[in-house]
Amino acid sequence: MDWGTLHTFVGGVNKHSTSIGKVWVTVLFVFRVMILVVAAQEVWGDEQEDFVCNTLQPGCRNVCYDHFFPVSHIRLWALQLIFVSTPALLVAMHVAYYRHEAARRFRRGETRSEFKDLEDIKRQKVRIEGSLWWTYTSSIFFRIVFEAAFMYVFYFLYNGYHLPWVLKCGIQPCPNLVDCFISRPTEKTVFTIFMISASVICMLLNVAELCYLLLKVCFRRSKRAQTQKAPPNHALKESKQNEMNELISEGGQNAITGFPS
């Protein structure tokens, strides 16, 4: 899957998202995918070739590089973006199933009054409610879990988010404790912090969207409960009308009894 296909796929699901979800997609592709494709690959393109150690012992440089960088930053970022975008597949499958069922009912004549034709069903925006609400919130929850998990993996693999200028390596077959040097460590540290910051922003947006959906459901249920407790409008008007009729009737009887016979 290339990045264009991923953009088309997630962008299609974005039609049915909330406003916060649309902001999340923008941050994902502008500040993460574009940076990864345009700039980060250029910065990390020479990572293994320019990793130098002050020894000529065969195999020492490769072993030290594998020890300090077991997984390439770019490959781990790409894997993170794929995992974070994958939960949108749940929403896409749910929407596709909803449209398939709507089209089937339309052909049977059950929803002729709701849709003009089959194209109208495809253009309709599916509201986030009912079973789709559970699917959508589940996808957001998995996004948050994946973001947090990959941030921890980054910190665990590289002992933090800062790339040092000099690395001390004493692993076999190195003859002793040797110094190893990374190409452009400051530039790579800046990119690492930027990508981690973008990941934090995306995770906060996911948390905000999840809270928004939960509060929206709570407000909707509270409003529904108040509506069920309150008397209907026509019954309230009828009771008020009966009270007015009783008052008028009592006033008329009092006026009649007040005259002498």
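Cβ coordinates come from backbone N, Cα and C, glycine included.
According to the topological domain annotation in Swiss-Prot, Cys53 and Gln228 sit on opposite sides of the membrane. Across the topological domain 'Extracellular' (46-75), the DSSP tally of helix, strand and coil residues reads 12 helix, 2 strand, 16 coil.
Outside the topological domain 'Extracellular' (155-192) by six or more residues, the chain places 35, 39-40, 43-44, 46-47, 50-55, 57-61, 63-65, 67-71, 73, 76 with a CB less than 8 A from a CB of the stretch. Looking at the topological domain 'Cytoplasmic' (99-131) alone, the prediction's average pLDDT is 62. Residues of the topological domain 'Extracellular' (155-192) grouped by DSSP class, helix first, strand second and coil last, total 12 helix, 8 strand, 18 coil.
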